[in-house]
Amino acid sequence: MSNPFLKQVFNKDKTFRPKRKFEPGTQRFELHKKAQASLNAGLDLRLAVQLPPGEDLNDWVTVHVVDFFNRVNLIYGTISDGCTEQSCPVMSGGPKYEYRWQDEHKFRKPTALSAPRYMDLLMDWIEAQINNEDLFPTNVGTPFPKNFLQAVRKILSRLFRVFVHVYIHHFDRIAQMGSEAHVNTCYKHFYYFVKEFGLIDTKELEPLKEMTARMCH
């Protein structure tokens, strides 16, 4: 039986933006393969996120940040036709949580935006971070900057907000496509990873606290 969610994922018109990949033959490509092999083997996600012996933490984090960016991008891309200026005039996670956009360019102060506008700015911003050689060096031997993990925390905290919005405001669409299991697995993978390395503040996780307690016990 075909899965409509997977059809949406692989429909080029629905793909939010091109996937960032690792160059074959590089250390990160090998790490990415190792991480994917663990997932495909059905390894407990708590174990799958742990740093493999002898590997560099920053490289391991880089591989996962890129992977999560690609996966969350696809998840949002599949429900984006139902996330409009009219349906989601404010980027939020239910009535208690509103997310305002701030950057170093146009929005220097936290600014209320519609969810689709926020998402567009967010994905552009993360893509720029990932492609910044000073922050995510691709050459072997080039050291990571001292603020690397601090920058990653900001990226992952903002990516988490996509999960919040999708789960709270668009879960009916996810259910309609029969893709709860896929999205839940992506979420659990993300959650176990950020918890393993302390990459998101507990208060940022609050909006999905009850769901997470049920899902990630």
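Every residue, even glycine, has its Cβ placed from backbone N, Cα and C.
Straight from Swiss-Prot, the features:
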BINDING   Cys83, Cys88, His165, His170  Zn(2+) binding site
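A helical conformation is recorded for His165 (Zn(2+) binding site) in the three-state DSSP classification. Other residues of the chain with a Cβ within 8 Å of the Cβ centroid of Cys83, Cys88, His165, His170, the Zn(2+) site, are Ile79, Gly82, Ser87, Ala115, Pro116, Met119, Val166, His169.
Cβ-based crowding with a 10 Å cutoff singles out His165 as the top-ranked of the binding-site residues His165, His170. Around the Cβ of Cys83 (Zn(2+) binding site), 20 further Cβ atoms fall within 10 Å across all displayed protein chains.
Cβ neighbours within 10 Å of Cys88 (Zn(2+) binding site), excluding its own Cβ and spanning all shown chains: 19.
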